[in-house]
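Database features (TrEMBL):
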| type | residues | note |
| --- | --- | --- |
| COMPBIAS | 421-443 | compositional bias 'Basic residues' |
| DOMAIN | 57-324 | domain 'G-protein coupled receptors family 1 profile' |
| REGION | 395-443 | region 'Disordered' |
| TRANSMEM | 34-59 | transmembrane segment |
| TRANSMEM | 79-105 | transmembrane segment |
| TRANSMEM | 125-151 | transmembrane segment |
| TRANSMEM | 163-181 | transmembrane segment |
| TRANSMEM | 220-241 | transmembrane segment |
| TRANSMEM | 261-285 | transmembrane segment |
Amino acid sequence: MAMLQRDGAKAVLGHNFSSVCAASGEKDVLSEDVLWIFILVIDMGASVGLSLCSVITNLINIAVFSNISVKGAGVVQNFLILSVADCLYGLTALITALAFIVQYMGKWRWVLAPASFMMMTRMAGTYPCVLSVWTTVVIAVVRCCSVIMPFKFKQVITSRRQLLAILLGFLSYVGVSFYPLSGFRLAKLLNPLTNTSTVILGAVSGLPQDAMIFDVYRSVFLIACFVIITASVAVMVAGLVRSMRFKRLNSTSSSQREVQILKTVFFVSAVFVGCHVVGILVPILRQVVPNFSETGCMRASFTLAVKFHDMLTIVNATSHFNLPKPVSTVSLLPVKTCLHSITVTCRHSLILTCPNMPPYYHCNPSKPVSTVSLQSVQTCLHSITVTCPNLSPQSHFNLPKPVSTERRNEEEEEEEEEEKKKKKKKKKKKKKKKKKKKKKKKKNTMSFNIHFFWMGIQICVSIGDGPHPASHIPQPCLLSKDLKTKIIP
């Protein structure tokens, strides 16, 4: 019974090979029985476990990255897309592996034939796999650009442009693959012996030529992505070595985060290169080695290589669980300014350089000054030795702990806010003082006018009627304008 199930599974999956190559005398290195053992181990064991791990780990990554909100964080956006694509690919691979197990156990009860169902799930899994590959390319190129042009990186490569690059690459693949895959049709087959019907996924005429065009495009696409990521890995290795040297000189949290993200992107790219080496070699060997194809005499070796590449692709999707926590807050850009201010004893022009960076990152002030401020000098976050070529080597100035621009900007903003508050308080105090002075002036003028008005009345009464009972009130002196003499009442 087990032998019948095994032969039936081979026939349904397309592994029941005939001895066509026996007449030509050519033999495959791998026998069909050994191939079948490998297929059972890969499809029933490794694929199920790896696919399940891929779904779980990428769901965790999606939950982590979706909760990170940083403005202009293209890193978070790219890793979130990568996690979603890997999760979908792991899900389709898990469904395919479970369908193979159900069919092998002889408990297939669906109307759709098992081979057609597994072909559909593999076709569906192609698109998230391509999205994952292209997103990895964009991540590697972005990190490579941050190493090559650090000062123009934020202005040139924005998060929107990164998203646009991912969408254009993915949609181009979908557009090319839509035409050949549109030739597949679902057909219903009736078995007159058992009076049962099954639905299979068939192809219309002209499909082999379209499939060959699609196969060539897929191979070129994968090889191009492989070459781009390999070149980016080489550039990142140089940046990683330089960052490790920086870490020895400066143990600040910013330098550690730089090394962390560079290691992360290097890890993702290196895993991609390692897992897709087989996928690059298969189309090359198919063109170079005769009969190395799905219909040639070496089809057993070809099938094993394809299965092994599928398993490594799931490994690539699972390995992204090693991503760091908040990758978005990390930037590989060297900071352009420093908060330190240096007083130099001589008046010669100074050459300010970082000993760990290339010569074209230096700045040479042309004017001789006595005080040099590094706030206008483009430098990096690491310790900088400022020397004067006309002084002895011992007369140098070392900045052990440079501060990032972000912190400086925050401190400046806080100081500006405090100054504004102080100015507002001073203005309010001045206004209050002015109001008080005005009130006092009004009171004094009123009392002064009333006093003189009352005294004038007393003077008039005293002149007309003689002495007044209220004569004890002091009387003012009057000065005649014509005689200029004093008149005492």
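If you go along the chain as it appears here, the first residue is 1 and each next one adds 1.
Backbone N, Cα and C define each Cβ position, glycine as well.
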Practice item. Count the residues of the compositional bias 'Basic residues' (421-443) that DSSP assigns to helix (H, G, I), to strand (E, B) and to coil, and report the three numbers in that order. Key: 23 helix, 0 strand, 0 coil
Exercise for review: Count, for each of 34-59, 79-105, 125-151, 163-181, the Cβ pairs lying under 8 Å from the transmembrane segment (220-241), and report the range with the highest count.
Suggested key: 125-151
Practice item. Could you pull out which residues elsewhere in the chain have a CB under 8 Å from any CB of the transmembrane segment (79-105), counting only those six or more residues past its ends? Key: 5-6, 9, 12-13, 40, 43-44, 47-48, 50-55, 58-59, 61-62, 65-66, 114, 117-118, 121-122, 124-125, 128-129, 131-132, 135-136, 139, 166, 268, 310, 313-314, 316-318, 320, 323, 327
